[in-house]
Amino acid sequence: MGWAIALHGGAGPIPNSLPKERREPREAALRYCLAIGVEALKANLPALDVVELVVRELENNPFFNAGKGSVLTANGTVEMEASIMDGKTKSCGAVSGLSTVVNAVSLARLVMEKTPHVYLGFDGAEAFAREQGVETVDASHFVTPENNERLNLAKEADRVQVDYTPAVQKEILVETLTADGDSQIGTVGCVAVDNSGNLATATSTGGLVNKMVGRIGDTPVIGAGTYANSLCAVSATGVGEAIIKATVARDVAALMEYKGLSLEEAAKYVIHESVPKGNAGLVAVSAKGEVAMEFNTFGMFRACATEDGYSEIAIWPSSSVQE
């Protein structure tokens, strides 16, 4: 028993050739956000507060596909989504279609705590944000030059893109998209168990590059991209459609609950047996303080720490650095 935390900055075909100037800021952000979460857990903050705090920091970092770094729709707009869940009560909140809210995860928590609903989207969610007085900015705040370039490349290749998925129709775009590292990584998320054994999870994303306006992925879908109960907390990342079809987050909990699998066994089974290769990753913690970080993609930006002093930051399968 003891506290534990894990977070991710997205999973996908992240190239080993990712330039140092693109890799190091993301690693630094993971290290910074992990430290914030660890200090919060040491200060006895509830797990729910910890995951919201960490995901807010990840949303504020332009190197990840959430908040400030959100990728663009086919119309060149931002449609952000997020969710949060308390494992003890199974209370949860979710939002999608946000274009002006600075921290989508905090609005998701307000949906959970201030409404009788679980999920608000688009105009209704934006109106609720204004009613609650959360921080909003002009939609142009989220449209970065890097993501405009990424959208233009995706349009030229005539495809929707997730993470570092290369534009296979044009070899020159393959080299551009995978070599410079300007494309954003799928999703951000955090899971935690506190000193009292309470579990929580939160996930946030900007979605897919060049996605149809109105498209909703797995992030705000409770049981797909996000789930927590009394056994575990899970946050998934990758291709939303594949994650939804496999009900990734809930299946990890179900395997633990109904089959008696350990957290590691359940996470491995779901990622490697239930989801097609190259489509998903997840981070999870158990009520016992165990951590799992599984992915079937080429890489996943991830970090974790436990009360017994273990800490890890990694991208590729063999790239873990124990802190």
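Glycine too: its Cβ is placed from the backbone N, Cα and C atoms.
Among the features that TrEMBL reports, active site, nucleophile is placed at Thr187. Residues or ranges marked as substrate binding site by TrEMBL: Arg215, Ile216, Gly217, Asp218, Thr237, Gly238, Val239, Gly240.
Counting other Cβ atoms within 10 Å of each Cβ, the recorded positions Thr187, Arg215, Asp218, Gly238, Gly240 show the lowest value at Arg215. Each residue contributes its Cα atom, and for Gly238 (substrate binding site) and Thr187 (active site, nucleophile) these two points are 7 Å apart. Cβ packing within 10 Å was compared across the binding-site residues Ile216, Val239, and the lowest neighbour count falls to Ile216. On its own chain, Gly217 (substrate binding site) has Glu81, Thr205, Gly207, Leu208, Gly225, Gly240, Glu241, Ile243, Ile244 as residues at least 6 apart in sequence with a Cβ closer than 8 Å to its own Cβ. You'll find the Cα of Thr187 (active site, nucleophile) roughly 10 Å from the Cα of Val239 (substrate binding site).
Summarising the substrate site geometry, the residues cited as binding it (Arg215, Ile216, Gly217, Asp218, Thr237, Gly238, Val239, Gly240) extend over a maximum Cα to Cα distance of 16 Å.
Thr237 (substrate binding site) is surrounded by 34 other CB atoms, counting those within 10 A of its CB over all protein chains shown.
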